[in-house]
Structures are given as C-alpha cells and as structure tokens.
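Feature annotations, courtesy of TrEMBL:
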- 1-15: signal peptide (SIGNAL)
- 42-353: disulfide bond (DISULFID)
- 53, 168, 224, 269, 270: Ca(2+) 1 binding site (BINDING)
- 54, 117, 169: Ca(2+) 2 binding site (BINDING)
- 115: active site, proton acceptor (ACT_SITE)
- 253: N-linked glycosylation site (CARBOHYD)
- 270: N-linked glycosylation site (CARBOHYD)
- 324: N-linked glycosylation site (CARBOHYD)
C-alpha cells in the first residue's frame, strides 16, 4: 500500500511538472520560427552595442535611448559597465548617438541600470525624462530635466514605493506622475523565478503621483510595455507571456476600466504610439525561449508589429519587420518619425530603416 501511494505521488508530481513545462513552453512561444519581413535601406545605429531596451522620440526628432540594461536571466554583453542614456537627432542625414551627461550628485552613476523610459513636456516646453532604474536589482524611477544646450540630464528626484517592486515600463503623465507596469509581484529573485515559471499572473499596473498611489489593473502574466492614446482617453498594456495587448479606458480619477484585448502569436514588449496616426508600434519577441535561454548559435529573432484602428471592431495588424537574429536580436521597442522606423533591442543593437 505504501509503495502504491508513493508511486501515485511520484506520478502526480511528474504530471504536474509535464503540464507546467508544456505551459511554460507555450507562454514562451518556444517552437516558433521567424518568417523574414524586410524593409528598404536599413542601417545599424553606430554606438549601440549593448541594447536599447526603450526609446522615446520627441516631436522635434531628438531621441532618447535607454542602454546597457542588466536584467535577471537576460543576456548582457557588457555586465560590468553601468547603463547610459544616449541621444540622437533623427533630422540629420547620418544620425549618430552621443551620451547624455547626468548632472547632480544625488544619483549613483556606477549602479545606473536604465530600463523603460518616458517623457513629459511641460507648458513652458521643459522636457522631463522619467527612467525606470534597477540599481542593485531594486526598482526606482529617476526624474530628470533635459538640458538640450548642455547635452545633459539634470537629476531631480528618485521615486520609490512599496507598490513598485519590479518596474518594467512607464508612461509619464506629469513631471512626477505616471502609470507603471510591474512585471513581477515579487522583488526577490528566487520568488520571481517561481512566479514566472508557474505562470501565477500576479503582475500589475500602478498609478503613481506625489499625492496618490494605487494599483489600477492586475492579473497579468508579466505586464510589460505601456502607452497612452493621443487623446489621453485610453491606456495600452502589453502582457508579454500571454501574448496580449489590453486596452483600458482611463478615467478622471486615474483608474482604469478594461475595454478589449488583442491576441498575438508573439511576445509583445514595449508599445509606442504614433504621434500622427495614433497607431501602435510594438517591439516583439517571436520566440521567448531564445531570449531567456540565450544561445549565440541560435539567437533570438526580432519582430515589429503595427496596429491600426485598435479601438475598432476589426483592427489591422501588420508585421512590418521580422528577422531571425542574424542582424538584430531581441527587439523590445519600435517607433516612427517622418517615414523612418527606429528599432531597439534588450541587449543587442539598434536599427534605423526607411518605411
């Protein structure tokens, strides 16, 4: 009887393991291969070799890059150096990046580890850059004032909160106000790994202001990119491991109400909203297994989606760019400016293409 019980327990454990393994592979899209989609006149951005996980293009074509991210379980080609914020002018014939100097002694540059970024322009045209930072594996939001003439960022403030344990991306709605995605519920690396493997769907979205902080959406399997519609009425949230983009209606008290969900055959990362059309441009990982288990002989591919008329009954989804990793590995973000497409990656290079 004891042997039978032991065999039964072993069988249950193996069945649960097999079930979770299968679910894990499905969530990572482990068996998907890329069908290439090319664009004309693409060039790698010189000076970006260790990723451009997120980017923000100002209306005048100046572009901020968040580079050098060190993220648990993700490849880094230069793990010993701190991250940087780079600037590029897309109006130049051959645009090149330059590093923005960080001014002020309130930020430890040696542990600077930038992730998602977002800009807010005040009524007096002052540009604030909000940066998700992971110093020593923690999560903060750094607030900077962009000083264009000096090519520098003036550090104004560091924001931390117990409801922001594992920030991924951010959508600024003021100099110190924003929506943020937590890609995990736990901050502890060991608990994070189990949370992800078991697919607990405990990650969330938080509204933060100096006066009020609250969870406004939850139940995500790795909440990732976030964006706001041009009219400010809707919030878009990428759920990486469920392959979904959620559309929420935003209310005057900053709460969110779910409106619709779109499903994809790819892991959706950062969301950029076209400043002219309102279309969504999404950096994607066609095969997440190759991101989380890096193999230089079988690298992760890249994919960029364009979503038109997302609020309609029949949104149009187009694969604008797709590549198997020979040129660009691990696309996280894509954004457009005057007929040009800029593509960034989590740990690799960045690409600049004609549309």
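All residue numbers here begin at 1 and follow the chain in the order shown.
Every residue gets a Cβ built from N, Cα and C, even glycine.
Of the listed recorded positions 168, 224, 253, 270, the Cβ environment within 10 Å is emptiest of other Cβ atoms at 253. Residue 42 (disulfide bond) sits 27 Å from residue 169 (Ca(2+) 2 binding site), taking the CA atoms of both as reference points. Here the candidates are the recorded positions 117, 324, 353, and by Cα distance the one nearest residue 270 (Ca(2+) 1 binding site) turns out to be 117.
In sequence order, 53, 55, 56, 66, 115, 116, 118, 131, 132, 170, 225, 270, 333 are the same-chain residues whose CB sits within 8 A of the CB centroid of 54, 117, 169, the residues recorded for Ca(2+) 2 being left out. Cα separation, residue 224 (Ca(2+) 1 binding site) to residue 169 (Ca(2+) 2 binding site), rounded: 6 Å. Using Cα positions, the member of the recorded positions 253, 269, 324 nearest to residue 169 (Ca(2+) 2 binding site) is identified as 269. Across the structure, residue 269 (Ca(2+) 1 binding site) and residue 324 (N-linked glycosylation site) place their CA atoms 17 angstrom apart. Cα spacing between residue 324 (N-linked glycosylation site) and residue 168 (Ca(2+) 1 binding site): 25 Å, rounded to the nearest whole number. Of all the recorded positions listed here (42, 117, 353), it is 42 whose C-beta has the fewest other C-beta atoms within 10 angstroms. Only 115, 117, of the recorded positions 115, 117, 353, have a C-alpha within 10 angstroms of the C-alpha of residue 168 (Ca(2+) 1 binding site). The shortest Cα-Cα distance between residue 253 (N-linked glycosylation site) and any of the recorded positions 53, 54, 115, 117, 353 is the one to 117. Cα of the residue listed as 'active site, proton acceptor' to Cα of residue 53 (Ca(2+) 1 binding site): a distance of 6 Å.
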